[in-house]
Structure formats: C-alpha cells, structure tokens
Amino acid sequence: MQSKRSRVLVKFSGEALAGENGFGIDTKILGFIASEIRSLVENKIEVGIVIGGGNIIRGVSAAQDGVIRRTSADYMGMLATVINAVAMQEALEHAGLDVRVQSAIELKEICESYIYRRAIRHLEKGRVVIFGAGTGNPFFTTDTAATLRAIEIGANMIIKATKVDGVYDKDPNKFSDAKKLDTLSYEEALDDRIKVMDDTAIALAKDNRLPIVVCNMFKPGNLLKIIQGDNGLCSVVGQRQ
C-alpha cells in the first residue's frame, strides 16, 4: 500500500504551532512535527506541507469590524503562513532534512516563488517542500490552498493533521456520545456540513478524486502508520462506495 502513497501533502493549522500558548510559535511543537516528518522522509515518502496562519492572524477575524478590508486582511494572513513556513523550515533543517519554502507571493529575499514543476523536482530529490502564502489570492482558505497544491504536485492524499483522531458526527470535545466516522464520501462531508474542510476544498478534492485523511498529529508515529495503510487511526473522505 505504501508504494501507492509515496507522495503526500500534510496540512497543519497555524493554531497547532502555538501549543498551549494560543499565540505565536512553540518550538517544542515544531521539533515534534519535524521528527514526525523526518520519519516519513526516511521511509522514502515525498512530503509537501501547508501551514495555516491562525496563530498569528486570521484574515476573517481581522476584517470583522470593518477597519481592515477583507482583501487586505487575507493578504496579512498569507504573510503569516510564510512566517510559519520559515519557522518550520528551520525546525526541519535542524532535524537534518533538506527543505525548500515556496511562496505564492514573491518574497525572493526569503524563499522561492511557487513553480509547480520546481516543487515536483524538489520532492523527487527527497526534499521537503513547504508551500506558503495560501493560493496567493484573498478569499481562499489554507485548506483550499493545501488541496490545490496536493493536486498540482500529484499527491496521493492530503492529510489534515489535527488535535482529534478523525471526523466525528459532532464535536467530541463537547459531546461524550460523539461517534467517529471512519469513512465518509465527499458528498456526505459537503451535505452534512461536517467540519472537515471548507466546501471549496472538499469540492476541489472531489473533482480530482483526492482522498482527504484526518488524523491526530500529536500521537507519535501516526502519520507514518496512516500512510502505510493503518486507516483505524484516522477518518478518510473519498469517493462514495
């Protein structure tokens, strides 16, 4: 099964990087993520990464009171994702990995501009590629950006690394009777408004038959086990059976 899943894109939320602080970047979490990604690379898995920017600023929230226009707020959010991407690059390099950051917005003093052919070449050479600045356009989430990049680089799946071990029929943090959904179709994820990703991201994955895997990022070894085929540790959104 692993041979069919040799290239993946992992999506981390910006909030996850903040840890218990709720804001900024917790270097201990960066170090943990780096060790998890390193285990993938050591197992010949090509890895792309997208990180949100919510630990620094969220475009939607910044534009709520009307002082900052939504377009500008979203660009601010894109810059936040680049900050996180550079931090992750440092952590991965500290772990001994070869890493490139590619931004959808030109920031030539800091990182490469996104070129999908170059990204694929980096992956083929065993480098981890971190995609920053979302899609480069306002009004699109980093979930949508992650799905887009996964499709462009030919990833076999997109893994949404979260604080829970999959998708539930309701919030497991609030409801003790919440049931984990091991598998669900794209249509179910869209129609039931289950909080997997935003509708644009799910629809894009559906149109391109890209499996969405939701798992707990804080359990050591989870990412590798899931890529190697242990679906009991996650929820998988895919085509209707």
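Think of each number as a place in line: the chain as shown, counted from 1.
Cβ atoms are placed via backbone N, Cα and C, with glycine included.
Among Gly53, Gly96, Gly126, Gly154, only Gly53 appears in Swiss-Prot as part of the UMP site alongside Asp74, Thr135, Gly136, Asn137, Pro138, Phe139, Phe140, Thr141, Thr142. Listed in chain order, the residues near the UMP site other than Gly53, Asp74, Thr135, Gly136, Asn137, Pro138, Phe139, Phe140, Thr141, Thr142 are Gly59, Gly77, Met78, Gly134, Thr144, Ala145, each with its Cβ within 8 Å of the site Cβ centroid. In this view, the densest Cβ surroundings among the binding-site residues Gly53, Gly54 belong to Gly53, judged by other Cβ atoms lying within 10 Å.
For the recorded site, Ser13 (ATP binding site), the DSSP three-state label reads coil. For Ser13 (ATP binding site) paired with Thr141 (UMP binding site), the C-alpha to C-alpha distance reads 11 Å. A separation of roughly 15 Å, to the nearest angstrom, links the Cα atoms of Phe139 (UMP binding site) and Gly54 (ATP binding site).
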